[in-house]
């Protein structure tokens, strides 16, 4: 038993996994789309889902169950009597009898069904007020199975109380998911938030609203009145189709419809609401609905048995209902109510399409549910930009994006967007994780590029770390950490400066001692190496000299080359008698024997050693080695001198390292003032400017003959604006392609109405009266009769985007110049100029990806950007082309369904239709090849009936600009500028440093002039960190200046040229818990005022401001630093005591 238990456990686990797999197949999702701002009295939210087929034998036992936390209305849960009307082949037909209208028969019986969409009066109307939800289902059946469609309607307030729950129908489970979209109160259509407002079409011109096609779901409600024909709904249909003479249709009731995913109830018919009239007309044209089948049955077949009649209820003596009997894929609803009876008679007809043609008088039915589409006017909700901020979390960052109206688009190349949403009032919030902080975090949100500077996050973590290290002295821990945690070389310079100041008297002698020890060892090694080298050189010289005077140094016996004369003399004496000249041991007097002995002899260097001993020994205590050994690194004079020099050097490095690198665009830190240009010749500027960038150029133009005469010159070029004259082509639609085979045994093809004939776009081909047996199934014998009808149609139309065609294009920039007191502005087109008596500014050309006749497709809000189509069909469109299905104000434009039908036959098999044309819609093709289309960005769009203006942030769009300022200026007149500018710093927020930056609020007063174009800078005493160009008007002006830079002691002031406000304000430290991203578009500014760079005097100003800032900020930091300095001097004195005086030690 013990051995078999693991096997049993394994089998049990496998069984559980298989059970979960089976359950997963029975789980269906019902999505309820809700706006994220929900108030009182905003109607109902509705959703539906189609379930897998259920055997017809189980239908009578179906019951809709709920585990949801909302209150379900019980009116639809009760049993209701239905007449089950079915058909079958007669059993008494002889074999091989040719099929005819008499070959089939129908049967009627009474059954009880529960949970169908039989909604009593006032249930939907009071659902919102009573906080009750309605759940029901409808059936589409053939002879063997039924396709349930479950509907859920509830007060829109359930979006706040429910996130998900389960419904059950038979063995199927329905996961109800309430999904709150980014729409404030509208519905999500075409990726935009659309608010249907049906009265706009009656009261406003057509260019002020949009028209969008939206799904509508309608439910039949029975309401019987005692007198009059006001509730006889069939009368309205007959009047609409101009049918007269029908008097027997006394059913009373109305349809209650819900538009889109959420709306107020719409009553059909209603005389004073054109929406009701539109739905009524569509019901008359497509009595079974405009959605013909489920998407899984897009390619399917059905066999039509023919027209049949029957009894409803089954106790009737004559037939009261008629329809078309079929088998195969179910199409429309199989439930309805007779129009002829005053009291409702409900019919369930599996395998029969009940009569719904309102142009006949008798035996008609109305469906219990109807689904279609309706074009509605309305307005698109305005979108707002996102705010994105991040906090450091582990190795990455936790980020959050929120918008006041909703987030329709968010993506990031460096972060994982997990779509975890929160809603706070009208705001939508999305949290996500960024795994890397070694690079700046880029987030695209609501069409705007946001950049979060991660070094600011790292600074915050650094401050937290140092604050923890210095937590023993909490009074200064945070202030000291703020000074230490500065990014880049500037931060390291700060650390070295503080270390030198506090611990220099200990570190300087310690580090000097270590360096001296290393240098002494190196000097000794070098000197020793040099001694050995000199000795070898000396030996070589002696040997060469001996060879010149005495001859060869080679022994004649052993052939060994000697190095000294004594060694050669020993060889001559010993080798001839067979003795070793070194160790004097006996050996053979042959060269080979003696040389072999020399290899093992240990005294071969005896003569060289004797020579070395005879020379003078090396004295390592001379020269460099002795100087290093006797260096007095513990001298107070040396330590103090080095300490002072290091402090001065590090202060200079600290001040110089605060400058940022020069950039081609963006702000470059400069000193106060602006550049001066002597006008010895014309001033000419020629450059290329990206479409997303603005350009500011400011100089003082100096008279070369009189340096005191200067004219202020300011040039401002704004961002490029694209002006397109457009033609609104309408809304591009997506659709499901359907291919249907309808086969019946007898009669002509015109005898029956096929489902595609009520579709908006369809093609049909009939194969009539077959002459052979090869195309007839065995249960449909006969030759020369019957029909195979092939149909292709489009349904489930869905609006996917707006389409505009470019008629003409203009690229403009607003150019303003201020020369002295004269100001001129003009919106300049391409190949156009702004010309004054002294200045000429021209846009020579534009590089662009747009061309007239291009088509622009927007798949969402304009701010999301769009796609450029070079080829877009407008007249003859084929299915699958861009623009194949278009919804226009004049109606639906259907494409040509090009292709040919072929009927596939096999003996004793029902024929099947085939279509060799394209079966994929143009939209689906576009999605599959979306990357092959050019995209474009849209910022600050403005749209009207025939014009669209926007700014494209793509740097590939550029303007070639040429500026010429003539040297022939009237310096005497223009140099005298009476304009007086006074500045006051009002407020500041943000942080100093090169992180997120700060915002300085300036109050600027202009006198003596009516208007003055100039730039206001954000500076401290030494240099400036940001600027904005503004057109001042007489009086008080509030200006916001954004800057980046500075240090803890910076008091930011508002400055104009060299004049600044009298007081400055200190920004916060760059260690915010949440670092907010900035718009990349806001930083695409090129500013050039020619101001001088920060020099030596600027550095020392910055130093003084920093020191004063530290003293004013937290004087305890300075006190602690001085205490540490005194401590280090004491330790120095203790470890390095002063040497006694020489005179004191050597008194006579």
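Including glycine, each Cβ sits where the backbone N, Cα and C put it.
These come from Swiss-Prot:
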- 142: N-linked glycosylation site (CARBOHYD)
- 357: N-linked glycosylation site (CARBOHYD)
- 409: N-linked glycosylation site (CARBOHYD)
- 518-637: topological domain 'Cytoplasmic' (TOPO_DOM)
- 526-543: region 'Binding to the ribonucleoprotein' (REGION)
- 598-615: region 'Binding to the ribonucleoprotein' (REGION)
- 621-635: region 'Binding to the ribonucleoprotein' (REGION)
- 625-628: motif 'YxxL' (MOTIF)
- 767-787: region 'Fusion loop' (REGION)
- 937: N-linked glycosylation site (CARBOHYD)
- 1131-1148: region 'Binding to the ribonucleoprotein' (REGION)
- 1137-1148: topological domain 'Cytoplasmic' (TOPO_DOM)
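Residue 937 (N-linked glycosylation site) falls outside any helix or strand according to DSSP and counts as coil.
In the region 'Binding to the ribonucleoprotein' (598-615), the DSSP tally of helix, strand and coil residues is 12 helix, 0 strand, 6 coil. Take the Cα of residue 937 (N-linked glycosylation site) and measure to each of the glycosylation sites 142, 357, 409: the nearest one is 409. Rounded to the nearest whole angstrom, the C-alpha distance between residue 142 (N-linked glycosylation site) and residue 357 (N-linked glycosylation site) is 20.
If you count neighbouring Cβ atoms within 10 Å for each of the glycosylation sites 357, 409, 937, the highest count belongs to 937. Its own atom aside, the Cβ of residue 142 (N-linked glycosylation site) has 21 Cβ atoms within 10 angstroms in the protein chains shown.
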